Every structure is written in C-alpha cells, then in structure tokens.
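Per Swiss-Prot, active site, charge relay system is recorded for SER114, ASP168, HIS199, and the stated evidence type is a curator's inference.
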Amino acid sequence: MTEPLILQPAKPADACVIWLHGLGADRYDFMPVAEALQESLLTTRFVLPQAPTRPVTINGGYEMPSWYDIKAMSPARSISLEELEVSAKMVTDLIEAQKRTGIDASRIFLAGFSQGGAVVFHTAFINWQGPLGGVIALSTYAPTFGDELELSASQQRIPALCLHGQYDDVVQNAMGRSAFEHLKSRGVTVTWQEYPMGHEVLPQEIHDIGAWLAARLG
C-alpha cells in the first residue's frame with residue numbers, strides 16, 4: 001500500500017485532517033488545498049492517503065485508484081461493501097496513528113471528496129466509537145446510511161460540514177442532501193452548504209472549510 005502524503009504544519013502539530021481523494025484521483029489531488037488551508041491553520045497536519053488501484057465496474061473494469069468498486073450508478077449506487085469496510089478500517093488505523101503522535105482524537109478531522117467522502121461518512125458514523133473533531137464531506141453521499149441508522153452518543157457529538165454543488169451531475173445534489181438529513185434527524189450538529197458548481201471544488205468552498213475548521217480548533 002502506498003504511504004499517505006503527510007504535510008507538516010508551520011508549527012508543532014496539535015490537530016490533524018485526514019483527507020481522502022475521489023475516484024480515479026490520487027493522494028496529491030488535494031495537496032494544493034491542504035497547503036492553502038495550512039496558511040491559516042498553523043498547527044494542523046494534513047494526512048492524504050492513497051486509494052488502492054482496482055478494477056471499477058462502472059468504468060468497464062478499467063483499473064484506477066478507488067476506495068471501493070462501484071457496480072452501478074442508478075437509481076442508487078451499488079457498491080462493494082466489503083471494499084468500503086477495508087477502506088474505512090484504513091482510515092481508523094490512520095486516526096489511531098495520529099493519536100499515537102500525541103494529537104487528541106477531538107482534534108482529528110476526516111475529510112473526503114466524492115467517493116472519499118462516502119468512506120469518511122462510514123468511518124465516522126458507522127465504525128468509529130469515540131470522539132472526533134468533525135467530518136467534512138465534499139460532493140459526496142452516504143451509501144450505508146439508511147432508515148435503520150443508529151448513532152451512539154459519541155457519534156452524535158461529531159459535527160459535520162456537508163458541501164455540494166447545485167449542478168453536480170456525478171453525485172446528484174439530492175444524494176448529498178439525503179446524507180445531511182440522515183445526520184440532522186439523529187441529532188448531529190451538521191451544516192449544509194451549496195455552491196453554484198458541478199462535481200468540483202471552488203475557492204469559496206475552501207475558504208468556508210478553513211473558517212469551519214478554525215472555529216472548532218480555537
């Protein structure tokens with residue numbers, strides 16, 4: 001497995017953001033975003049893991065970096081839950097590794113774009129039991145959130161920021177909104193923000209993420 005890209009802050013780290021890229025991208029995809037955020041988050045380390053390369057069914061079996069196989073796109077995503085679980089376990093291991101460096105779990109954040117965001121949702125609100133600084137979900141969905149979703153007390157205390165394009169034709173806006181509503185209805189402090197964009201990231205969105213992180217890091 002490719003080692004994560006680790007961006008150290010200007011000052012000794014006392015917080016961390018673990019940021020997962022989307023389908024077909026790599027660990028360098030969000031490096032410019034992380035570097036921009038570190039200009040104001042002077043004590044925040046960024047960890048950018050790399051998805052394994054695997055065949056992706058919806059792309060004709062072509063091999064590409066992917067956190068899990070996507071078998072069908074509509075009417076709802078059909079995915080490999082087994083591979084999703086493996087990826088979520090990887091994120092859990094990264095959280096534990098950051099804790100061993102001395103960073104408190106309450107100052108560790110999970111962020112993910114598109115497919116990476118789905119892994120982040122699953123890790124934080126299905127698998128992880130304990131405090132976390134928060135979740136940042138960009139242009140994503142939650143394939144394992146259903147009507148039966150039950151959150152523990154610690155999971156309910158994990159704040160979340162959901163950001164989505166109004167014109168996203170890859171992960172429809174309604175799919176992201178559904179994840180937001182699932183969390184909101186279960187008592188999570190969750191914020192929904194829309195932008196006039198497609199399946200992408202805008203400078204204003206990055207600014208808003210920086211402000212959200214700064215407010216929680218003090």
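Counting starts with 1 at the first residue shown.
Cβ atoms here come from the backbone N, Cα and C positions, even for glycine.
Locations of recorded Swiss-Prot features on the structure.
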residue	record	DSSP (3 states)
SER114	active site, charge relay system	coil
ASP168	active site, charge relay system	coil
HIS199	active site, charge relay system	coil
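Of all the Cβ atoms in the protein chains shown, 22 others lie within 10 Å of the Cβ of SER114 (active site, charge relay system). On the backbone, the CA of ASP168 (active site, charge relay system) and the CA of SER114 (active site, charge relay system) stand 11 Å apart. Straight-line distance linking the Cα atoms of SER114 (active site, charge relay system) and HIS199 (active site, charge relay system), rounded to a whole number, equals 8 Å.
On its own chain, HIS199 (active site, charge relay system) has SER114, SER139, GLY165, ASP168, ASP169, VAL170, VAL171 as residues at least 6 apart in sequence with a Cβ closer than 8 Å to its own Cβ.
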